[in-house]
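> Below, the features straight out of TrEMBL:
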type	residues	note
DOMAIN	6-313	domain 'Acyltransferase 3'
TRANSMEM	33-55	transmembrane segment
TRANSMEM	67-88	transmembrane segment
TRANSMEM	127-147	transmembrane segment
TRANSMEM	154-175	transmembrane segment
TRANSMEM	181-198	transmembrane segment
TRANSMEM	210-232	transmembrane segment
TRANSMEM	238-261	transmembrane segment
TRANSMEM	273-290	transmembrane segment
TRANSMEM	313-336	transmembrane segment
Amino acid sequence: MAKKRIDWIDIARCIAILSIVIGHTMAGLNGTYLYNVIYLYSLPVFFVLSGYLYHQKGYKKLLLNDVKFLLIPYLAVNLIKLIILFSIRNHVGTGILTINLHTFQSLMIATLYGYGMKLQNFPSVNAIWFLVAMFVANQIFNAVMRIDYRSYKLFWQGIQAVVLTSVGFAIAHVYELPFSINSALIAQVFLYFGYLMHQKDLLSELKGKYYIVLAGAWLFVASLGTFYMASAKAPNELMAVIGSISASLCIIKFSIMINDYLQVHNLLKFKRLMLFIGAQSLTVLCFHLLDLDCFKFYSDIIFGLSGKVPHGIPVLVGMLYRMVFAVGMTWLVRYLPVIRSLFMPRRFPLLKHRAAA
């Protein structure tokens, strides 16, 4: 029996994934205040929500589930990039296609190393590093949460999350580990906070005045600089964690309010759209990556509009295009047999289990 989805969680994921698209489209605005505001929540909130939904699983069951839901989409995207690379080399589709990695070797190295930022010795896998990081983070979190503490269980689980996050930040100063392990380690504190939030029912405890303080913390930390979760680096690591948790709580509260508003005002079509985007947020990320790395449409929009419309309009149009492309391709892939099973295995399992006779 399929688990019932929680609407406000999918709305929060919708906000987060569209924020990621916006953040990646802020050409020339890296490090600006708005950029920092977005980066404080757009990725951490996914881990907080994952922690909120966490329940202990066997090692093998979690591993197989995450291979299906995280690693197979990751590999599928890189396979599509490989096909595009061969197409370009054979002068097919060069009018609309491009590629960020120009050799089979660099594409394979990037895929196997699974790191999201540019390195001196290794090419970057770009935006879908997140899938690898989530995979590794889930295995670590499940393993440490299975440790049997006789007393003060939540306390000791919190300590181990803080220690792992601190280790992740410390290692990032000297070395970028493969498979986005640095990011997976710093995600432990966000996963734990989401778990704690559920165990202690913090959403019911937090009233309106607390969100004013949380929003203030979020906006203050954004003024300190950019928290790059992909590289596990921040101007002030402790403040980055505080700011990200504060921002995530604000986004969650906002999502609950949006859900209630859409329901009360019977705006069900818009709600269904948000729920679809949220439920398929990782698929949206995959197609957003393909748009970033493999298509010329965005650059054509920027060059086509630059000098003809007021400054800033080309980027806004580009943002709208990128959101429409990623969401539109996610909607379209539902109608493509086999391919849809790679990106949406829960909804379209490749091998359907036969009911017992």
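Each residue, glycine too, has its Cβ placed from N, Cα and C.
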> Do the transmembrane segment (33-55) and the transmembrane segment (313-336) share at least 3 Cβ pairs under 8 Å, sequence separation 6 or more?
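Answer no: the transmembrane segment (33-55) and the transmembrane segment (313-336) share fewer than 3 Cβ pairs below 8 Å.
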> Please report, as numbers and ranges, the same-chain residues at least 6 past the borders of the transmembrane segment (181-198) whose CB is under 8 Å from any CB of it.
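Long-range Cβ neighbours of the transmembrane segment (181-198): 44, 47-54, 116, 129, 133-137, 140-141, 144-145, 154, 157-158, 160-162, 164-165, 167-169, 171-172, 229-232, 241, 244-245, 248.
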> Counting Cβ pairs closer than 8 Å, which of 67-88, 154-175, 210-232 has the most of them with the transmembrane segment (127-147)?
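Out of the listed stretches, 67-88 contacts the transmembrane segment (127-147) most.
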> Compare 154-175, 238-261, 273-290 by their Cβ pairs under 8 Å to the transmembrane segment (67-88) and return the stretch that comes out on top.
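It is 273-290 that shares the most Cβ pairs under 8 Å with the transmembrane segment (67-88).
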> Of the stretches 154-175, 210-232, 238-261, 313-336, which racks up the most C-beta pairs under 8 Å with the transmembrane segment (273-290)?
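Looking at each of 154-175, 210-232, 238-261, 313-336 in turn, the most contacts to the transmembrane segment (273-290) are made by 313-336.
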> Let me spell it out: take the transmembrane segment (313-336), skip the flanking residues so only those 6+ beyond its ends count, and list any with a Cβ under 8 Å from a Cβ in it.
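18, 21-22, 24-27, 276-277, 280, 283-285, 287-288, 290-291, 295, 297-298, 301-302, 304-306, 343-344, 347-348.
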> Average pLDDT across the domain 'Acyltransferase 3' (6-313)?
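Residues in the domain 'Acyltransferase 3' (6-313) carry a mean pLDDT of 93 in this prediction.
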